[in-house]
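Participant: What TrEMBL records for 39-279 is domain 'Aspartate/glutamate/uridylate kinase'. Sequence annotations record features per position, and here TrEMBL assigns site 'Transition state stabilizer' to Lys44, Lys260. According to TrEMBL, the feature substrate binding site maps to Gly79, Gly80, Arg101, Asn197.
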Amino acid sequence: MPDSIKNVDHIGDFTLEEAISKANTLIEAMGWIRQFRGKTTVIKLGGSILDDPQELMHILLDVIFMESVGMKPVLVHGGGKAINRELAESGIAPNFVRGRRVTDLPTLAAVEKVLAGELNVFLTQEIERLGGRAMNLSFQTTNVLFGQKLVDRPDEDLGFVGEVTRVDRNVIEGLSYTDQVPVIPSMCEGDDGQHYNVNADTAAMAVAQALGADKLVFLSDVNGVRRDKDDPDTIIHSLSSAEARELISSGVINSGMIPKVEACLETLGRGVKKVHIIDGRLRHSLLLEIFTTKGVGTEIHP
Ligand SMILES: Nc1ncnc2c1ncn2[C@@H]1O[C@H](COP(=O)(O)OP(=O)(O)O)[C@@H](O)[C@H]1O
Ligand SMILES: CC(=O)N[C@@H](CCC(=O)OP(=O)(O)O)C(=O)O
C-alpha cells in the first residue's frame, strides 16, 4: 500500500475495509448491469406488500436503481386487498372464482377508484418522492391496456372481468427516452369504451408479452410456489411447466396462485425468457433476483 494512504482508516462513515467491500460490490454488479442494460423487466406488484410502506419503499428503490443503471423496469400493479377494503365500506363481500373477482357494476366502480385512481397515482408519486421518475398510465391519463370481456368457461359469468388483447407498446417504450418508469394498473378498455377489471397477474403477462420482456417478476407476499402453501420451507425453487400444470390440477397450487402460475406458463410460451415468483417482503428481493446467479423464489421454466 502506498505510504500516502497507509494511515487512512476511515472513508466518510466507513472503515477502510467496509469502503473497499462496498466498492467491490459495485464492481461485481458491473457484469450483471452490462448484461441487463437496455433490457425490459416487467414487475408485477400485488398483495399485502402494497399495504406496507416500508416494504414498498424498498421495492421502489430497487426499481429506481434498475432504471438508473439503464435497465427498463415496467410496473404493473394490482391491489386486491385495497379493493376489498373499499368494498367493505359499502358492505360488499369479496367474491372470487378460481382467483378472479366476480365484478358487478358497483364492484367495478370500487376497482376503478382504487386501481386506476388512488393506487396508481400513489405509486407514481412515491417513485418521484424517492428520487426517480415515473408516469402513471391509466384511464385518467393515457390508457395502454385494451381488451374485452373474459369468457373463461362458457357456463360461468364473472361480470366486468376483462382480458387484455392489445397493449400500446409505443407509449410504454416511449417513456424510456425521458427516464420515466411506466406504472400500469390492471384494468383494460373494450372497443366500446367499457372498462374491465383484469387480474393483475394476467395483465402483467400481457404487458411482458407485448414488450418482448427479458424477465417477468411477480412480487408477492409468499416466498414462491410451495408444496404446502402454509409452509415456507416447502418452496419449489425450479418448476417445470409440466409440473406446474400437475400441481394446479392436484390442488397444491390454488386460489390466488392459480392466475399467477397460469400467467407464467402462458408467458413462457410467448418468448419471455425468464419468469419468477418472489417474495416482495424480502428486502431487495428484486435486485437479488437480477444480480445473483441462483436468484430467489420460484423460477418457472419451459
Ligand atoms: N402452492 C402454493 N404456494 C404458495 N402460495 C399459494 C399456493 N397455493 C395457493 N397459494 C396462495 O396464493 C397466495 C398468493 O396469491 P395472491 O394472494 O393472489 O397474491 P398477490 O396478491 O400477491 O397477487 C398466497 O398468499 C397463498 O395463500
Ligand atoms: C379480475 C380480478 O380478480 N382482478 C383483481 C385485480 C387486482 C389484483 O389482481 O390485485 P392483486 O395482485 O393484489 O391480487 C381484483 O379485483 O382483485
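Start at 1 and count along the chain as shown; that gives each residue its number.
Just so it is clear, glycine is given a Cβ too, placed from its N, Cα and C backbone atoms.
Whatever TrEMBL says is automated annotation, not expert-curated.
Neighbours and distances for these, please.
Facilitator: All protein chains included, Lys44 (site 'Transition state stabilizer') registers 29 other Cβ atoms within 10 Å of its own Cβ.
In the shown protein chains, 21 other C-beta atoms lie within 10 A of the C-beta of Gly80 (substrate binding site).
In three-state terms derived from DSSP, Lys260 (site 'Transition state stabilizer') belongs to a helical segment. When other Cβ atoms within 10 Å of the Cβ of Lys260 (site 'Transition state stabilizer') are tallied across all protein chains shown, the result is 27.
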Participant: Looking at the recorded positions Lys44, Gly79, Gly80, Arg101, Asn197, Lys260, which have a C-beta within less than 6 Å of some atom in ligand 2?
Facilitator: Gly79, Gly80, Arg101, Asn197
Participant: Looking only at C-alpha atoms, tell me how far Lys260 (site 'Transition state stabilizer') is from Gly79 (substrate binding site), rounded to the nearest Å.
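Facilitator: Cα to Cα, Lys260 (site 'Transition state stabilizer') and Gly79 (substrate binding site) are separated by 14 Å.
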Participant: From Lys44, Gly79, Gly80, Arg101, Asn197, which recorded positions have a C-beta atom under 6 Å away from some atom of ligand 1?
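Facilitator: Only Gly80 meet the Cβ criterion.
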Participant: DSSP three-state call for Gly79 (substrate binding site): helix, strand or coil?
Facilitator: coil
